[in-house]
């Protein structure tokens, strides 16, 4: 008879693991396949067993309560100014009154304030005018002084000129004839002639 072939099994557990799709007994896939059911973490069990609720839920509840309690304020409460109002500079708005519309209760007091302001402005203008007048007077005084000095100098010069002329006239009359005679006699030398040089 011919010998019959028998199938030899090298690994006894290979048939079991073939269904799972792996041949290794201690592989990760096997452990995953076994624990594919409901997985529960140990940390969660420990916190839940203590009885303390998770922190994330607390924060969420706080935010929800804050959102519910948030109040909506009106424009009057916030103090937002109304548009299209012309207000003078430096006037502070009193609470509950229109800004820049009513300045003073009494008309007389308002007029006195206005008169004081106008007086200050006039005083400033007057002081400027006074300064200008004073400067003009100072300029005129300086000009007059300068003219006086020039006139004195002119008078001194004219006196000096007249004195020199008188001396010339007196000296010319006395020495005129004597000079001519001396020049002729030879005692007083005549003016020497200028030397001239001619080039050929």
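Cβ from N, Cα, C; glycine included.
Model, not experiment: these values are computed from the prediction.
Among the residue ranges 89-129, 130-170, the one that Swiss-Prot annotates as coiled coil is 130-170. Remark: secondary structure over the compositional bias 'Basic and acidic residues' (135-159) totals 25 helix, 0 strand, 0 coil, with classes taken from DSSP.
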